[in-house]
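Participant: So that we are looking at the same thing, I have put the structure below in structure tokens.
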Amino acid sequence: MNLVRTAMLLAFMTALFMFVGFLIGGRAGMMIAFVIAAGMNFFSYWNSDRMVLSAYRAQQVDERNAPEFFRIVRDLARNAGLPMPKVYLYDSPQPNAFATGRNPENAAVAASTGLLSALSAEEVAGVMAHELAHIQNRDTLTMTITATLAGAISMLGNFAFFFGGNRENNSNPLGFVGVIVAMIVAPLAAMLVQMAISRTREYSADRRGAEICGNPLWLASALGKIARGAAHVPNEDAERNPATAHMFIINPLSGERMDNLFSTHPNTENRIAALHDMAQSGMNVSTSPARAANPSRKSRSVPDTGLGRGGSQPPKGPWS
């Protein structure tokens, strides 16, 4: 079913891309847009995960430089019956995380240094279980391709003003009005698609993530902390790449952006309430992150992934 939804998404995004091309350059513009969209669809399938990880300058970590974090992901993946995903950290003070990849065999999970600083090991386990649930539900392909194409469509809508605003250009059937329509409609339509695919999937990933980690309250507690952190700590890379916002466990964009007029995520309080209801329904809860993980608290630093921005060291945290 996810394959059908992904195909429908690609078809819609391609049609939207062609529509903007038509408004800019008539039939010729529409055909050029079709060729570009077809190439982007092919490229996105194979490379969109790398593009997203690169946009956040995420660095891959392993058991040598992030032993406890890596072990938590490994044990959770075992609980879920998933292949071990690649594990990444990206330098950002905002606590957040996302998953990407075209299938479970080629998946990756990424967490911010701020997440490891702000959350306990149990809460981190809840977050990573949520991301593994997205991988298991095969949401990551759709979410990653949407991020790539939505960003391209928004950019095309902005470029429409510069490349399609020539009143003497007879190839544009709607003239300057059509260009204005493209500037407004294209980014809005892309944002609505992001909302549609993200909101319904977050609840499903929350539920499955709670089952994977064994305790819904870990994820509930983590969501509260991440939401408060995201509200006060900006994510500069996300602000520059708002099309990726729906990939994160909590919307990383600040409230100052118009992008937040239509949220890509369901209300955090409702998600937390659903997890509390799940815990109260009698679900067997675990007391340690994942089945085989029992993180020690001897380490007091975030795993070393190199210098942070401006040559500074990443912020210190309660565990690694």
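Every residue number used here counts from 1 along the chain in the order it is shown.
Backbone N, Cα and C define each Cβ position, glycine as well.
Okay, these came from Swiss-Prot:
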| type | residues | note |
| --- | --- | --- |
| ACT_SITE | Glu131 | active site |
| BINDING | His130, His134, Glu202 | Zn(2+) binding site |
| REGION | 283-320 | region 'Disordered' |
| TRANSMEM | 6-26 | transmembrane segment |
| TRANSMEM | 28-48 | transmembrane segment |
| TRANSMEM | 145-165 | transmembrane segment |
| TRANSMEM | 173-193 | transmembrane segment |
Participant: Name them in sequence order: residues not among His130, His134, Glu202 whose Cβ is within 8 Å of the mean position of the Cβ atoms defining the Zn(2+) site.
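Facilitator: Close Cβ neighbours, site residues excluded: Ala99, Glu131, Ala133, Asp139, Arg201, Ser204, Ala205, Asp206, Gly209, Ile249.
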Participant: Which residues in the same chain, at least 6 apart in sequence, have a Cβ under 8 Å from the Cβ of His134 (Zn(2+) binding site)?
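Facilitator: Counting only residues 6 or more apart in sequence, the Cβ neighbours of His134 (Zn(2+) binding site) under 8 Å are Ala99, Thr140, Met143, Arg201, Ala205.
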Participant: If you count the C-beta atoms lying within 10 Å of each candidate's C-beta, which of the recorded positions Glu131, Glu202 ends up with the smallest number?
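Facilitator: Least crowded of the recorded positions Glu131, Glu202, by Cβ count within 10 Å, is Glu202.
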Participant: In whole Å, how far is Glu202 (Zn(2+) binding site) from Glu131 (active site) when you measure between their Cα atoms?
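Facilitator: Glu202 (Zn(2+) binding site) has its Cα 10 Å from the Cα of Glu131 (active site).
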